[in-house]
Amino acid sequence: MRSYSLIAPAKINLYLEILGDRPDGYHELVMILQSIDLADKIDLRPIGTDAIRIHCDHPQVPQDQSNLAYRAAELMVEQFPDVYARFGGVEISIQKNIPVAAGLAGGSTNAAAILVGIDMMWQLGLTQPELQDLAAKLGSDVPFCLGGGTALATGRGEQLSSLPSLDSLYVVLAKDRNLMISTPWAYQAYRAEFGHSYVQDAKTLKSRAERMHSGPIVQAIINKNHAQIAQRLHNDLEKVVLPTTPPVSQLREAFESCGALGTMMSGSGPTIFALATSQAHANEMQQQVKAMIRDPDVEFWVTKFSNRGIQVVSAVN
Ligand code: ATP
């Protein structure tokens, strides 16, 4: 059996609208998700014993059964007990480059990489829809992370439609290293404040989600009109995170005043991203915001949109 190295890219949300509640306790969402080049590296090695082992070089990432990558391996064991009995377990090593609890789907993309890696290691030959079904059991962002690129996501985020690639856009990310936001907290806070305005009937929910397919930001993406994409960025969760977390709104204002094409919080935050037309524009904006904020705890990344999800970079015997 072979060992695999995989690249697991982060995502940002170009659009996140909360429509209502779902009977399963999640929210009904419409989102536009975008992969970026910032990525974790995952190594997956077969081990003869019946165990799943996990290591991660980041102190805030759990190294036990609660790690989402571990849960992905556990799901494969549950789904394919005979193959597991024949081939044995796996050792997972995660090199964490994606900031943790940052709204960038770090855990979800690691889980997606494990599904892809174990499918290859155990030669299961799963189809993309089969992998997507397994991914949806692990979390709302995991199905997107498998194929990546630019996609419209509805339902709780697991129903995906691909959109044309935008991989010529650059992006600056900024995050205070001491700030982490729990995704469940952000959604609960939103429900507490805005739940009264949720769409209640299933028919309206369906038509709102369908309307998004021909909505203004999707049209801007199809036309590759970067200025219009930037104008139409939207994230409902900003309404609960920005007022309660002043450093996040200060960062957002700083990018706005430094000539970002558009700026927004990603997912449940606290990462702020700013769009740029070129690498030089992104670097310049990063320098200006750094000088304005003057806080050594704020970390910056200059990266690019990507049209790819999980990538296998090597397979060795
Ligand atoms: P999302 O954008 O999907 O809501 P996020 O980027 O906000 O996710 P993660 O980086 O996935 O957040 O981390 C959320 C929590 O999950 C953290 O508290 C972290 O400790 C835990 N976690 C479990 N497994 C992982 C993993 N493999 N990588 C990162 N965090 C993990």
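Counting starts with 1 at the first residue shown.
Glycine is no exception: its Cβ is also placed from the backbone N, Cα and C atoms.
Positions annotated as active site by TrEMBL: LYS11 (among others). A simple way to gauge crowding: the CB of LYS11 (active site) has 29 other CB atoms within 10 angstroms, across all the protein chains here.
The domain 'GHMP kinase N-terminal' annotation in TrEMBL covers 67-149. Taking DSSP states H, G and I as helix and E and B as strand, the domain 'GHMP kinase N-terminal' (67-149) has 52 helix, 7 strand, 24 coil.
Among the features that TrEMBL reports, ATP binding site is placed at PRO99, VAL100, ALA101, ALA102, GLY103, LEU104, ALA105, GLY106, GLY107, SER108, THR109. Annotation for ALA105 (ATP binding site): same-chain Cβ neighbours under 8 Å, separated by at least 6 residues, are ALA10, LYS11, ILE98, ASP141, PHE144, CYS145, GLY267.
ASP141 (active site): 26 other CB atoms within 10 A of its CB, across all protein chains. Marked as active site by TrEMBL: ASP141 (among others).
Residues or ranges marked as domain 'GHMP kinase C-terminal' in TrEMBL: 218-292.
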Those recorded positions among LYS11, PRO99, THR109 lining ligand 1, judged by a Cβ under 6 Å from any of its atoms, are none
For the domain 'GHMP kinase C-terminal' (218-292), the DSSP helix/strand/coil residue counts are 44 helix, 11 strand, 20 coil
Across the domain 'GHMP kinase N-terminal' (67-149), the model's average pLDDT, rounded to a whole number, is 97
Students should find that the Cβ of THR109 (ATP binding site) has, within 10 Å, a number of other Cβ atoms equal to 30
Going by C-beta under 8 A and a gap of 6 or more residues, the same-chain neighbours of GLY107 (ATP binding site) are ASN67, LEU68, ALA69, GLY139
